[in-house]
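I have placed the structure first, in the form of structure tokens, so that the comments after it can refer back to it.
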């Protein structure tokens, strides 16, 4: 659980002295940090030798340049490509930078593809999925972990077993279920429910939450129980406050998954009015001028990149939490 | 101890214990109900229905008819059946070559670096954060046989341009490149986290024994990350064998079925030919193949925890 508890932001104490002194101390601390790190394959001594240093710096520069070229340059090309005129885009070789900073393509993309509506739809889908997932999965994991009902283990097993079934292979029956919900005979196609409710049925969330709740000491709950607190009160007052890190991970996963998902919304939200941003752009991509389409791609990637900027640590920690300890 | 310890619930009277258990179970099922309903409708039922659909002919107007293995026969006789499986397997193998070994090597190098680590980690994960449809459409533009970015770059190096997605020889490889670009980051970061758990003493001991860098990797790094390597291998096979979005958005399965994948064919059966029976049959076959890897994954992760 170490990497989950490590998710909490370290509480940085404000230095008491004048600000400049504090900043200097902060900088000094940062500069000292690399030398105190654990050793890896290459020892510090080897790295600091004459040749070691040369090889180290050459590798560092090589990695920096190639990573920037491979992972950042395509995004740069996308952002600037949307500012180029159709003529510039068709040139061979195309100019490295657009002749002028011109946002008309972005405007056009926003208007022609109705990106405002698509973004609003996607926000609604992601927010609802997040809410339902938190309410249903947290309470289910709490019940399985702390209340331990009859058949609890069977239910847990059945929920985790769904992780063994790849999502794509049950795509067709899942679509048909949403099209005509058994017993109720509701058609959920083109409604937000088609995204919200299936998002809850996520064995991985149950697994992460239950494992975290298992690690909460019994004594903590028993003390509240003796005070006569009901299970829902214990969940609200005792379990939730200590589970903030894992709830953060589940929240980010849920929102990002809904936002990035393509295949499921492609099937269940075929109405142009109801489409998610990815599906909407893809469905209009063939009819759009090149620079308009590229501008739309930029606009669609801004939200996820911003989320990544803000929650970087949580996303990366959550990524390893799932796979390393799984 | 004269008084029953308060931490032992229900030690005193039997009826209250029963009542308490009942109450606990009732509230537990209350808490479980939302998730149970969602799992039942959107996870368990579709899995069962996958089997039923595969053996039925169903147009959703007339009552369904049991047809035995007819759906499977339809799928087998399809001229796209063999290419779909071959492409899926080749795609998976190529994706493994690029997407499995390379992230591990990148992680090893990143773990050695003492500068710009935050930047490099951020950058390598950046494509993973793009919505996949955006990444794929972006590469569709890069692959443009006219002034696309890749042919621009070949042009700068005075090399002739390729037709990328339009040629049977490069189309599948082009799909692998996009897929690798947008998925590389997660593997790299997972390996990086695993590498950071290796105790320094092991490297020190290996160095004292006179092991060079390559042998330190071979005898310390790889054995220490063996389980995570195995888990990632299986997870990646399972994920890439379900390839759909790349052929759907880039090629439509063409040219000449060169990029049709199993899931893409399944999609076509259902939504282009409204033959859900044949589509499900195809899905069931893929499910059975992937179950082999899932079961292996389960056994390995058990071993890791136990």
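Quick reminder: no glycine exception, Cβ is built from N, Cα and C everywhere.
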*When you get a sec, could you say which of A:26-51, A:234-259 is annotated transmembrane segment by TrEMBL?*
A:234-259
_Take the C-beta pairs under 8 A between the transmembrane segment (A:234-259) and each of A:55-79, A:123-144, A:151-175, A:195-213. Which stretch has the highest count?_
A:123-144
*Can you tell me which of A:123-144, A:151-175, A:195-213, A:293-311 gets the most C-beta pairs within less than 8 Å of the transmembrane segment (A:55-79)?*
A:293-311
*Which listed range (A:123-144, A:195-213, A:293-311) shows the maximal number of Cβ pairs under 8 Å with respect to the transmembrane segment (A:151-175)?*
A:195-213
*Report, as numbers and ranges, every residue of the chain located at least six residues beyond the transmembrane segment (A:123-144) whose Cβ falls under 8 Å of a Cβ in that stretch; write 'none' if there are none.*
152, 155-156, 159, 192, 195-197, 199-200, 202, 205-206, 209-210, 213, 231, 235, 239-240, 243, 247, 250-251, 254-255, 258-259, 265, 276
